[in-house]
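Taken from Swiss-Prot as is:
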| type | residues | note |
| --- | --- | --- |
| DOMAIN | 8-130 | domain 'MsrB' |
| BINDING | C47, C50, C96, C99 | Zn(2+) binding site |
| ACT_SITE | C119 | active site, nucleophile |
Amino acid sequence: MGKLNKTEREWQRELSPEEYRITRQKGTEPAFTGQYWNTKQSGTYVCRCCGTELFSSISKYDSGCGWPSFYKPINTTAIEEHDDFSHGMVRTEIVCHHCDAHLGHVFEDGPQPTGLRYCVNSASLQLKTDEKNDEETYP
């Protein structure tokens, strides 16, 4: 599947102002405010902009940081990583492979088995719940 190319005007029409600010302008929502920071429902988290599957609720955990956190993406091609030197910091930005939506950042302070923490803005995600099993996936 190739890259999804839309104009900024198209993105602005399709997304809420907050979703646009975060996904297209590399914004960040305040900690502990996003829709999914504390969600424990089972399902698949997809890109808010294009619907690409990004994370499974199985890999979601409570990192205490106030943003949805995952220890791995749903597959190795769903996400791209880029160096981010903004705000006087050195970080690794994560974006959707299909549409380049800004998702958040990945840090090397997560749990095993990966040791990684994919820290993602809720506004970048949409949860597609499992219809068969809508129970909590982590304590």
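Don't overthink the numbers, they just go from 1 along the chain as shown.
Backbone N, Cα and C define each Cβ position, glycine as well.
Here the features listed in Swiss-Prot are painted onto the structure.
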residue : record                   : CB count, 10 Å
C47     : Zn(2+) binding site      : 25
C50     : Zn(2+) binding site      : 18
C96     : Zn(2+) binding site      : 24
C99     : Zn(2+) binding site      : 19
C119    : active site, nucleophile : 23
C47, C50, C96, C99 excluded, remaining Cβ within 8 Å of their centroid (Zn(2+)): L4, R48, C49, G51, T52, H97, H98, D100, A101
Closest of C50, C96, C99 to C119 (active site, nucleophile), Cα positions, binding-site residues only: C96
Secondary structure composition of the domain 'MsrB' (8-130) [DSSP: H/G/I, E/B, coil]: 23 helix, 41 strand, 59 coil
